[in-house]
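Take a look at the structure below.
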Amino acid sequence: MANVVIVGAQWGDEGKGKVVDIYTEHADDVVRFQGGNNAGHTLVVGEETTILHLIPSGILHEGKRCIIGNGVVLDPKVFLEEIGQLKKKGYLKDDKQLVIDGNAHIIMPYHKALDIAREQKSGARKIGTTGRGIGPTYEDKVARRGIRVMDLVHPDTFVRKVKEMLPEKNFYLEQYLGGEPLSEEAIVEEYSVYARELAKYVDRASLLLNRSIAEGRNVLFEGAQGALLDIDHGTYPYVTSSSTVAGGACTGSGVGPTVIDEVVGIVKAYVTRVGEGPFPTELHDEMGEKLRSEGHEFGSTTGRPRRTGWFDAVAMREAVRISGMTGLALTKMDVLNGLDTINVCTAYSYQGELLEDFPHDLDILKECKPVYEQVEGWQVDLEGATSFETLPPKAQAYLRKIEEVSGCPVVLVSIGPRRDQTIQLKNPFDK
């Protein structure tokens, strides 16, 4: 028995979907514990690509129970659309395979309207939100006036809460943000349909998970976004609205920290970021464009082009520390094929001072310049490599450099988007 947490180790988009898909083979339960449909996990099975924003990636494996925990914010329309997409492809043959915790909060139309209107009003000071209502939903959750899944499936409770909330939201939307008011009748009518469809999936995730663990079943906790976007530990305010570090797996699903055995951080062989915020190793030249093109670096949720840069060990060490990572899964290593040299940032330079620790002060971080070590690239394709030993020697050396500068062992290497383009150095479920 082992319980493993998967988290992003950079600014999101690290390839968590594929790694979760690989590790699901060893799990009995797969749990999403934070975020919402601002995440996008891309899975490639054979010639078929599936993109999931809410439902755990393990859903592509028959017989694996997939749970949406209390820490997630749920857009019911997106959720039901994903179910339809999956069933059309022959997945989710048994509805019991999917569970939503009743304490998960619901994204309402006014959350999305507020999210978009705020960004428009912010202009140059915008955060770079996806506009999907994630932040405003978490705001209402923390303010203790959110609408939960359990409220949605009780019609009287839902109508009462909408009546209480909507006048205030409309006032703010109209009078301050210059938006259009929303109709109570339309919201209730639309969401009542969702409630009838959702009801069969609602259960208590915490009870189910703790029973699974007590019975010796393997649980995989699937994080979204990345550690450097954490609401507390990330590059605030250019962060997401939930806890993206490994500790969020406990608070977002209702299990204790003592049941977690391994924490695997997913990390690209280079770095990307979507939206605003500091990015010390960002490339604005032909190399940056090459990484974007070769890595197909466009958001699966928004379609926005991702910013690209060299591997940042300073940021990586921060992510390893705040999540207690026991291993790294390195993705998109094949994107670096054919490069003569590869830069690895090992420290920052700030006003003549060498910084080896990641600054939390954004005024400092914005002024930091990367200090690079050069590593020789490899000129051969990685296709066909099935073990560490069958990788080109210079690719092996790059992996060892990543381990050295991050202080964490590499346990998996992805050399392409397919399942079979994966090298496992250690299985975190093996105890």
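Quick reminder: no glycine exception, Cβ is built from N, Cα and C everywhere.
Per Swiss-Prot, the features are as follows:
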ACT_SITE  D13  active site, proton acceptor
ACT_SITE  H41  active site, proton donor
BINDING   12-18, 40-42, R306, 332-334, 414-416  GTP binding site
BINDING   D13, E14, G15, K16, N38, A39, G40, H41, T130, R144, Q225, T240, R304  IMP binding site
BINDING   D13, G40  Mg(2+) binding site
BINDING   S300, T301, T302, G303, R304, P305, R306  substrate binding site
Review point. Between T42 (GTP binding site) and P305 (substrate binding site), what is the CA-CA distance rounded to a whole number of Å?
Key: 16
Check your understanding: In whole Å, how far is R304 (IMP binding site) from I415 (GTP binding site) when you measure between their Cα atoms?
Key -> 24
Study note, to complete from the structure: Rounded Cα distance, in Å, between R304 (IMP binding site) and D13 (active site, proton acceptor) is 12
Exercise for review: Have a look at the binding-site residues (G12, G15, G303, P305) and report the one with the fewest Cβ neighbours inside 10 Å.
Suggested key: G303
Point to revise | Cα-proximity to K18 (GTP binding site), 10 Å cut-off, over recorded positions N38, G40, H41, P305, R306 | key: H41
Revision key, fill the gap. Whole-number Å distance separating the Cα atoms of H41 (active site, proton donor) and G12 (GTP binding site) is 10
Study note, to complete from the structure: Across the binding-site residues (T130, Q225), the Cβ with the fewest other Cβ atoms inside 10 Å is that of T130
Study note, to complete from the structure: Candidates D13, G15, N38, G40, M333 (recorded positions) passing the 10 Å Cα cutoff around R306 (substrate binding site) are D13
Practice item. For the residue listed as 'active site, proton acceptor', identify the closest of the binding-site residues G40, P305, M333, judging by Cα separation. Key: G40
Revision key, fill the gap. Cβ atoms other than its own within 10 Å of the Cβ of T42 (GTP binding site), all chains, total 18
Review point. Does DSSP put G15 (GTP binding site) in a helix, in a strand, or in coil?
Key: coil
Exercise for review: Would you work out the biggest C-alpha to C-alpha distance among D13, E14, G15, K16, N38, A39, G40, H41, T130, R144, Q225, T240, R304, the residues that bind IMP according to the record, and give it in angstrom as a whole number?
Suggested key: 34
Check your understanding: What is the interatomic distance between the Cα atoms of G12 (GTP binding site) and Q225 (IMP binding site), given in whole Å?
Key -> 4
Study note, to complete from the structure: Spacing of the two Cα atoms, M333 (GTP binding site) and G303 (substrate binding site), in whole angstrom, works out to 22
Point to revise | For M333 (GTP binding site): DSSP state (helix, strand, coil) | key: helix
